[in-house]
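In TrEMBL this protein carries:
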| type | residues | note |
| --- | --- | --- |
| TRANSMEM | 12-29 | transmembrane segment |
| TRANSMEM | 36-55 | transmembrane segment |
| TRANSMEM | 61-80 | transmembrane segment |
| TRANSMEM | 165-186 | transmembrane segment |
| DOMAIN | 191-277 | domain 'Wax synthase' |
| TRANSMEM | 244-263 | transmembrane segment |
| TRANSMEM | 301-320 | transmembrane segment |
Amino acid sequence: MESEICNLIEVWLSVFASVCYCYAIGKVVPKGTRRLVFLLPIVCLFLYLPLHLFVLHFRGITAFFIAWLANFKLLLFAFGKGPLSSDNRSISLPHFVAVACLPIKIQHKADSSPKSHIHHAQKLQNGKKSSPNYRVKTLLLAILVNVHNYSDYIHPKVVSLLNVMYLYIQLEIILAIAAAVAKVLLGLELEPQFDEPYLSTSLQDFWGRRWNLMVSSILRLAVYEPTRNLASGLVGREWARFPAVMGTFFVSGIMHELMFFYLGRDKLTMEMTCFFLLHGLCLIAEGFLKKCFAGRWKLPAVISGLLTTGFVLLTGYWLFLPFMYSCRVFERASAEYVQLVTFIENRFRRQ
């Protein structure tokens, strides 16, 4: 564990140095293809660095933060778009590094419109109610991490459900810790990454407003909007939404395949891509049905919520979990938690 922590420090020092280089490039090279040429070596480096780590959590978190999110932010930055855009000359180096390396989105000041004030107040309220939720979720995570030790005594379907809960809670807590670090060190007001996705009443609500909002925001800028603008000239603005949605879900699926390659270093199965393409198709169908029945018929929120949650869980059980079981992700994660606790105890005993 000690040698792996040294590897982690080396990898992240490389990341910080690389991001500082990107910041300098943004100051002297104009946006466009020329800046992209200067940034592409860093994009390639970020794809390579997670392979230097062998602990599942270190590799997975680093891959998600830099191989996916940081790379997409840098590609947007090359063309003067996204959260790192050099069009905002006031952005400081510490803020640039934090936004590039961490899955955070700075909460900008609300404008004077009543709608903006309401939206801003809702975000603040979400942040306030999250604190007790995180305490409960941390306790649940400590319980769920050992589920596989008792899998012989629990029905397999229940074990799968508990594993899905474990994945969601762990991801939310990891992103919350990253956001808390940025907020404490830099005094940033940040937008929430999740908004209670289990309360979703539709797939549009789940993917667009509740689940992993940092990723949704980046994919919207990097994939959805360019694809829709390109398709608008061919099929019109209204119909261009469909290839834009499918393109966004396809890219998300490919990036999930890459993330799970880092976790298991196994061949790609494309099951993740199928999961996201299926959800893209269903989201388009859902929007079409809403348009057809607008103002005439609507499912009660409780029913639509149960259907949405059930669909996400069922498709996740079908296409998401098999790969994780084949790579023994849950067993390895549990073993790493035990190793971490042992490492910390040994360090304290030496003192």
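Glycine is treated like the rest: Cβ placed from N, Cα and C.
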Contacting positions for the transmembrane segment (36-55) when only residues 6+ beyond its ends and CB under 8 Å are counted: 1, 4, 7-8, 10-11, 14-15, 18-19, 21-22, 25, 29, 62-63, 66-67, 70-71, 74-75, 77-79, 262, 336
Local confidence of the domain 'Wax synthase' (191-277) - pLDDT mean: 90
Cβ contacts under 8 Å made by the transmembrane segment (61-80) with residues that lie 6+ beyond its boundaries: 8, 11-12, 15, 19, 22, 26, 31-32, 35-36, 39, 42-43, 46-47, 49-50, 53, 86-87, 99-103, 174, 178, 214-215, 218-219, 221-222, 255, 258-259, 262-263
Residues in the domain 'Wax synthase' (191-277) grouped by DSSP into helix, strand and remaining coil: 65 helix, 0 strand, 22 coil
